[in-house]
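K.L.:
Structure incoming, see below.
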Amino acid sequence: MASKLEQQEPPQANGAVPGECPASPEPAELLGPEGSGVEVLVLESRANAKGVREEDALLENGSQSTESDDTGTERGAEPASPLKETSFSIGLQVLFPFLLAGFGTVAAGMVLDVVQHWDVFKYVTEVFILVPALLGLKGNLEMTLASRLSTAANIGQMDTPRELWKMITGNMALIQVQATVVGFLASIAAVVFGWIPDGHFSLEHAVLLCASSVATAFIASLLLGMIMIGVIIGSRRMGINPDNVATPIAASLGDLITLALLSGISWGLYKELESKAYVNPLVCAFFISLLPLWIVVAKRSSATREVLYSGWEPVIIAMAISRWGWPCPQTPPGLFPALTPPSASPCSVGGLILDRTVSDPNFAGMAVFTPVINGVGGNLVAVQASRISTYLHMSGEPGDSPGTAPRRCPSPCSTFFSPDVNSRSARVLFLLVVPGHLVFLYTISSMQGGHTTLTLIFIVFYMTAALLQVLILLYIADWMVHWMWGRHLDPDNFSIPYLTALGDLIGTGLLALSFHVLWLIGDRDSDVGD
């Protein structure tokens with residue numbers, strides 16, 4: 001009997017009915033010597049109830065609102081989409097960056113068409129080898145940075161000024177470390193692949209390539225890093241999902257800015273080569289000497305410390321698979337047939353396929369469209385990979401939620417036809433392929449000044465290859481991101497380099513197959529690239 005009375009004392013002391021929230025205690029009760037433990041229990045119970053109600057409200061609203069700065073509430077175990085998006089809103093947000101990325105590829109081809117006649121490109125031919133290597137490596141760094149920052153913004157790691165500053169400094173230092181190392185590796189690749197065909201090695205040219213590559217990578221990463229931070233912060237304030245816009249913008253501006261800087265810096269250093277030969281070694285040594293500083297800054301941030309050690313493997317392997325699939329020595333094929341070399345040795349798997357086709361007169365026009373089809377496929381799959389990664393990060397850390405990361409291959413129906421937000425975005429991205437490529441084909445045809453004739457049968461085969469490429473990439477992205485998550489790997493840092501490299505390999509192979517079929521059926525009226 002006494003125990004029953006003791007169990008009933010807490011609700012009687014507060015006048016609360018069981019099952020209802022207790023009333024607010026009076027100040028006298030809080031200061032009273034008796035029942036203080038009961039009042040603390042009551043206040044804690046009310047706080048917990050309030051936290052649960054706030055968490056339920058956030059999940060109900062799709063976790064989009066930034067009106068509350070409460071970061072103490074734990075996330076639920078069930079993953080939630082960071083934004084409640086319709087198919088129309090996803091398509092509208094992706095469309096402009098997607099077109100911008102395509103036109104960025106066209107603009108990069110125009111820049112290369114102009115600078116190829118400069119003296120540095122004529123007399124230091126290894127610069128042509130440096131272009132695809134540096135663009136491929138830098139492109140992967142920029143898109144992984146954009147994906148990483150987009151995820152951080154969507155899961156609330158950039159909401160407060162302190163968190164924002166910590167994320168900016170850590171990622172900017174990390175990208176400078178990666179850019180400096182990548183620039184150095186690209187220059188070594190250029191020197192080696194330039195030396196192998198003719199057996200001639202020039203120390204002055206090697207130092208020039210190293211200085212140009214490292215300086216270009218450093219400055220381009222600094223500019224693009226600041227642009228990405230501005231894009232992500234601005235998109236969040238405007239209610240736009242950064243995952244939809246950041247990676248395509250990084251791809252479009254990355255190639256253009258890097259190519260323009262490389263041309264200008266290499267031209268300036270080449271002019272100083274005869275009169276001031278010490279300038280090139282000093283430039284190279286200066287940027288390399290800054291590496292310890294960036295490493296120390298990057299190690300201080302927990303968000304970038306792991307990437308500093310483990311983020312190199314996908315970037316290097318992706319370079320071997322080839323992002324653009326350009327052949328290495330001599331001139332890389334841009335958007336103009338004049339840039340296509342009659343013969344070139346491949347430095348990658350994609351380059352091997354392209355090398356076997358561009359030297360064949362029946363496949364001459366393939367060099368015009370290869371960067372476009374590969375760029376479009378890579379941009380679309382990067383958007384999807386970034387979105388899936390953000391979705392998984394809302395459930396916890398990589399590997400923490402095995403229920404959200406199946407290790408088995410998903411079925412195509414679950415990837416494209418399920419009701420979840422990632423399947424919806426896959427359908428939207430797939431539907432953007434045809435209108436996007438039609439715009440780019442028209443642009444290329446117009447810039448050729450009537451030199452290229454696009455027949456209906458060529459467009460059909462080209463679109464079939466483009467659609468099949470994106471279909472395969474979106475399915476692989478769905479499997480790869482979840483597989484990496486289940487293996488405790490952050491997909492933001494690992495998935496995009498592999499996916500874009502596979503996009504180049506698949507796109508180049510399917511385009512070569514399309515040209516071969518066109519040649520077999522005798523569609524010689526297209527005269528693409530002749």
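The backbone N, Cα and C atoms fix where each Cβ goes, glycine too.
For reference, TrEMBL lists these features for the protein:
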REGION    1-35  region 'Disordered'
REGION    50-82  region 'Disordered'
TRANSMEM  94-114  transmembrane segment
DOMAIN    131-265  domain 'SLC41A/MgtE integral membrane'
TRANSMEM  172-194  transmembrane segment
TRANSMEM  206-233  transmembrane segment
TRANSMEM  245-265  transmembrane segment
TRANSMEM  277-295  transmembrane segment
DOMAIN    370-513  domain 'SLC41A/MgtE integral membrane'
TRANSMEM  426-444  transmembrane segment
TRANSMEM  456-476  transmembrane segment
TRANSMEM  496-521  transmembrane segment
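Are these features on the surface or tucked inside, and what are their neighbours?
P.N.:
Residues 131, 135, 244-245, 248-249, 251-253, 255-256, 259-260, 263, 332, 334-336, 338-339, 371-372, 375-376, 379-380, 383, 428-429, 432, 436, 439-440, 443-444, 447 of the same chain lie 6+ residues outside the transmembrane segment (94-114) yet bring a C-beta within less than 8 angstroms of a C-beta in it.
Sequence-distant contacts of the transmembrane segment (172-194), counting only residues of its own chain at least 6 positions beyond either end whose CB sits under 8 Å from a CB of the stretch, comprise 125-127, 129-130, 133-134, 137-138, 141, 145, 201, 205-206, 209-210, 212-218, 220-222, 225-226, 287-288, 290-291, 293-295, 297-298, 301, 304, 307-308, 311-312, 315-316, 319, 328-329, 345, 347.
With a cut-off of 8 Å between Cβ atoms, the residues of this chain six or more beyond the transmembrane segment (206-233) that come close are 124, 126-127, 130, 134, 138, 141-142, 145-146, 149-150, 153, 158, 164, 168, 171-172, 175-176, 178-180, 182-184, 186-188, 190-191, 242, 245-246, 249-250, 253-254, 257-258, 261-262, 265-266, 269-270, 273, 279-281, 283-284, 287-288.
DSSP places the residues of the domain 'SLC41A/MgtE integral membrane' (370-513) in helix, strand and coil in these numbers: 112 helix, 0 strand, 32 coil.
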K.L.:
Would you mind listing the long-range same-chain contacts of the transmembrane segment (277-295), meaning Cβ under 8 Å and 6+ residues beyond its ends?
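P.N.:
The answer is 173-174, 176-177, 180-181, 183-184, 204, 207-208, 210-211, 214-215, 218, 269, 308.
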K.L.:
Could you give the number of helix, strand and coil residues in the domain 'SLC41A/MgtE integral membrane' (131-265) as assigned by DSSP?
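P.N.:
Counting residues by DSSP class gives 121 helix, 0 strand, 14 coil.
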